[in-house]
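Here is the structure we will look at.
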Amino acid sequence: MVKIGVLLMNLGGPERITDVGPFLYNLFSDPEIIRTPFPVFQKPLAWLISTLRSTTSQQAYLSIGGGSPIRRITEQQARELQSKLREKGFNATTYIAMRYWHPFTESAIADMKADGIDQVVVIPLYPHFSISTSGSSFRELKKLRDSDDEFKKVPMRCVRSWFSQSGYLKSMVELISEQISLCESPSKAHIFFTAHGVPKSYVEEAGDPYKQQIEDCSLLIINELEKCLGYSNPHTLSYQSRVGPVEWLKPYTEEVLADLGRSNVNDLVVVPISFVGEHIETLQEIDIEYKEIAEKAGIKNFRRVKALNTHPTFIEGLSDLVISCLEGPLVNIEEASQLPEKVKLYPQEKWQWGWNNSSEVWNGRVAMIIFLVLFIELISGSGPLHKLGIL
C-alpha cells in the first residue's frame with residue numbers, strides 16, 4: 001500500500017520564556033514578514049527588532065503560562081488526523097513543519113525520508129492564504145525540496161487554502177452556536193470576527209488574496225450559521241495584531257470594540273476566524289487585552305469562541321481535505337507558493353523594494369533606509385552623525 005505523508009505546516013511558537021528572543025529573530029529574519037532594501041540588512045534588522053521586542057513579548061507569554069501551546073495542539077491535531085485517515089483505509093502518517101520554531105521543516109523532511117514516504121500531501125494550518133503565512137511556508141518547503149535530490153523525487157500535492165471547505169465551516173458554526181446559546185438574547189448577539197491582520201501593502205501592491213478570502217469566509221460562516229439557527233445575527237469583521245508604523249488592514253479590532261460599546265452592544269461573541277489552534281493571539285491578545293477594551297467600552301458579556309483545536313468535526317473535515325487533495329486535480333509546490341495574477345497588482349516575484357505606488361509606501365521606505373543607515377552607524381561607531389557630534 002502507498003505510504004502517504006501528510007505534512008501540516010504552522011507558524012510555531014516559543015515553548016519557554018528563553019525561546020522568545022530566538023523565535024522572534026527567526027520570525028523577523030523572514031523577508032515575507034519584513035522586507036529590507038538590501039538582503040544584507042535582513043538579519044541585523046531581525047536581531048534589532050527581536051532584541052527590542054523580547055521583554056514585552058516575554059511578559060505576554062508569561063501571562064498565558066510561560067510559553068505557546070501551539071506545538072502541543074498541532075501535535076494533537078496531527079495524531080487525531082492520522083488516526084482518522086487510517087480509520088478510512090489510508091496508510092497515512094502525519095508530520096509537522098513549523099516555520100519559526102521547532103520542529104522545523106527540515107526535521108519533517110528528514111522524518112519523511114526515513115519513513116520511506118511515497119507521496120506527500122501538504123496542508124497549511126491556515127485556512128486563508130497569505131504571503132506571510134502559507135506563502136512563506138510553501139516557499140521554504142520548495143527551497144528545501146529543490147536542494148534535496150532524493151526528496152525532490154517524491155510526488156507532492158498541496159492545498160493552497162481551504163476556508164470554504166464544508167468540514168471547516170461546519171465546525172466553526174458548531175463552536176459559534178455554543179457561545180450564542182449562552183447569551184441572554186441569542187438572536188441579538190453580535191458576532192465579532194477578528195482575523196490576524198497584514199500590512200495593507202501586501203494586498204494592494206503584492207496581490208495577497210488574504211483580505212478577500214477572510215471576507216468571503218466570514219460571509220460563508222454567517223450564511224451557514226443562519227441555516228443552523230433559523231435567524232440572522234448582526235456581525236462585524238476586524239483585523240488584529242498590527243505592529244509597526246505602516247498601515248495594516250482595517251478596521252482595527254480595538255477600534256471596532258470601542259464603536260460596538262458606544263452602540264450599546266451587550267452580548268458579543270468573538271470569533272478568532274484565522275486561527276485553528278489556541279496561541280498567543282487568542283489566549284493573551286483576545287482573552288486579556290481585547291476583553292479589557294470591550295469591558296471598558298461598556299460591553300457586558302464578552303464570549304470568545306474556542307479555537308478549533310481537535311474539535312471532532314474539524315478533524316473529520318481535515319481528513320476529507322486530505323482525501324480530496326489526493327483524488328482531485330494536482331496542485332504542486334510551485335503553484336502553491338505563487339500568487340495569482342491580479343490586475344494592477346504585482347506578482348510576488350516583482351514585489352521588490354523600490355519607489356512606486358503610494359506616497360505612504362514611498363515615505364515608509366525612505367524612513368526605513370534612514371533607520372538602517374542610523375543602525376549601521378550606531379553599530380560601527382563612525383559616520384556623518386558622529387562627525388557632526390550628534391552621536
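In case you wondered, yes, glycine gets a Cβ from its N, Cα and C as well.
Owing to the predicted nature of the structure, the values given are computational and were not obtained by experimental measurement.
The Fe cation binding site annotation in Swiss-Prot covers His196, Glu281. In sequence order, Tyr239, Gln240, Ser241, Ser274, Phe275, Glu281 constitute the residues six or more apart from His196 (Fe cation binding site) in its chain with CB-CB distances below 8 Å.
In the three-state DSSP assignment, the secondary structure recorded for His196 (Fe cation binding site) is strand.
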